[in-house]
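Written below as structure tokens is the structure these notes are about.
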Amino acid sequence: MIDKYQEPKHHQLRIGLVSPQQIMAWANKTLPTGEIVGEVKNYRTFSYDRDSETYKPERDGLFCERIFGPIKSGVCACGESRKIGDEKEKRTFCEKCGVEFVDSRIRRYQMGYIKLASPMAHVWYLKRIPSYIANLLDEKIKDLENLVYRDFIFAGPLTKKPTLLRLRGSFPESKTKFSGSRDILSQFLKTKSFQKLRDREFSAGAGAIRKRLANLDLEVIIYSSLAEWKKRKEQKAEIEIKPTRTERTEEEDRKIEKIKRRMRVLVRRMELAKHFLETNVKPEWMILRLLPVLPPELRPIFKISEVQFISSDLNTLYKEVISNNKILSDSLLGCKFVPEQLLTGQEKIVQVAVDQLLDNRISGQPRRDRNKQLYKSFSDILAGKEGRFRQTLLGRRVDYSGRSVIVVGPSLALHQCGLPREIALELFQTFIIRSLIRQRLASSVKTAKKQIREQERIVWDILEEVVQEHPVLLNRAPTLHRLGIQAFQPILTKERAIYLHPLVCKGFNADFDGDQMAVHLPLSLEAQAEAYLLMFSTQNLLSPGNGDPICVPTQDMLTGLYTLTLGNRRGICATRYNLWNRRNSQNERIDDKHYGSTKGKELLFCNPDDAIGAYRQKRINLDSPFWLKVTWGQHRIVSKELPVEVHYESLGTHHEIYGHCKIVRSVKTERHFIYIRTTVGHLFLDREIEDALKDFRARVV
């Protein structure tokens, strides 16, 4: 349970780039002796201790207790135990082994790091589409991959520093006299002077990319990309100035497509540079200098027999990185000269090992086990339906939640959902108990629970009151975007299914063929305010991806509207303007016998209720045309349509006949009548629109 009187430790979860200093801050610990631990230097996991006849973690290894914490709470690697104190108390360490006396649960979140001998590219930002590194540097992905894997090199600009021709003074005097240029070159390639020249004038690998990323000016990138985008837009307009597509040649069409692709690249580059500026993230962090090591509990190892262990695939991939990185580090720091080809090959091996650890599927050389199965990399553990986010974090059962099948609720408002009473009774149980005790309807919590269990009438009344002021959250897995979870006002139903308005189905990507949805209850006032202001379905009418309307009528709705408004399209001319085919000005009762004899003739009704009553008595069909008399104050004809014919009578009355209506005007009485040719379906639709407008006006007022 979260203590509401204590400031929560974590407010949000964000995935992104971090600096090397932050990675070190996560892992480093300072021992009382002044030694800093946190770097994983040994690729071994456990070793057999003959004294205790048990397996213990290797020092500075992947399961080191000094780095990640003790395996048993309060027990160090030496076997000494001490009482675990509060987090606010001073940290205590073992004087012999340097293990901190803390709870063993620290091994679930304490991290380590691997110090890479040379910078390595992060495969997520290099090989994934779109490639962020390629977008920022405005280079091709293939060229950058060749550079990372040492197939290409960057040649630096000319400087005023010594070059090859002026480095003769770097040799000892006794070795400057050689008979031939080949001997001079071979001797020079083995000196440190050549290494300095190579590092200054040429660069390869991820280190070269890191230098270019560090020298980028993001504001200049934004302005230059915008200027080029405007220039490309003008070029595109010059080609498209021709009125018809047939006048353009195939070459011009190819130029237009090429310009469009370039404009899309420029837009992505500007957005990426703007994102780096807003988040205060440096682009060179996409090149790794320190590789984080996950806590041991997230990559466990199990003992199944005396000599057999089962380990996570991550441990195998970490071992490969550490062992190859150690070889590279020894080669770079060694006193002996190492040929450039060996260094290049070893750096490429380390880069491949890092790629396999981060994402084994998109790495150039995926690593497999004995059964030819791919090792599960860091990306495989996070992504997918069985990944850590969807299965362990998002897929876990939580309190104050329920689940049921969804069915269509066309009578609901857009912000409402039908919630089964059984689910609501369980979700709002604590609120009902509090209300029963406050109103002195129950003397204790036990008595209130008994009343809820027996489902007394007062319980349902209180539930109705509580539900009116409390929103609920509906979620359908998988939650691919923010519209996958929305807030609704619950309406209690006696059924066991959740009723959902059909217009919100597109946001959830749901249909009514047996889909299930989860119900969550926001508890705090902040969560309820967020649900009302941001998460209500009426606040999410547009798609967050492209801004298009997401609450659009479905095919069922369009078919229903078509059927509802389907009628005789022949118009008034089909009856030769004869409004009185059926002499029924007084709206007399039409029995079945008479109605059968008037087949093909159109009836007249003085008000909509009589027409709807005749439909319910099956006197007319849903699409049967009839004449409806309305007063001038209720409807006004606003149209530029000219009358088909005008009839003038001797008593001063004249009839203006239009396509689907007839207006009767009287000069003496100044009375106006309108006869509309319509159907019952149109009446139903008109009433629904009027009710919706009345409800909208009431809420606005």
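Cβ from N, Cα, C; glycine included.
Small disclaimer: the values here were computed from a predicted structure and weren't measured.
Summarising the annotation, Swiss-Prot assigns Zn(2+) binding site to Cys76, Cys78, Cys94, Cys97. The Mg(2+) binding site feature in Swiss-Prot is assigned to Asp511, Asp513, Asp515; the stated evidence is sequence analysis.
Positions of Swiss-Prot features highlighted on the structure.
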| residue | record | contacts (Cβ under 8 Å, 6+ apart) |
| --- | --- | --- |
| Cys76 | Zn(2+) binding site | Glu65, Pro70, Cys94, Lys96, Cys97, Val99, Phe101 |
| Cys78 | Zn(2+) binding site | Cys94, Lys96, Cys97, Val99 |
| Asp511 | Mg(2+) binding site | Cys505 |
| Asp513 | Mg(2+) binding site | none |
| Asp515 | Mg(2+) binding site | Val405, Ile406, Arg476 |
Among the binding-site residues Cys94, Cys97, the one whose Cβ has the most other Cβ atoms within 10 Å is Cys94
For the Zn(2+) site given as Cys76, Cys78, Cys94, Cys97, which other residues of the same chain have their Cβ within 8 Å of the site's Cβ centre? Glu65, Ala77, Gly79, Glu80, Glu95, Lys96, Gly98, Val99
Env. residues of Mg(2+) site, Cβ within 8 Å of mean position of Asp511, Asp513, Asp515 Cβ: Ile406, Ala510, Phe512, Gly514
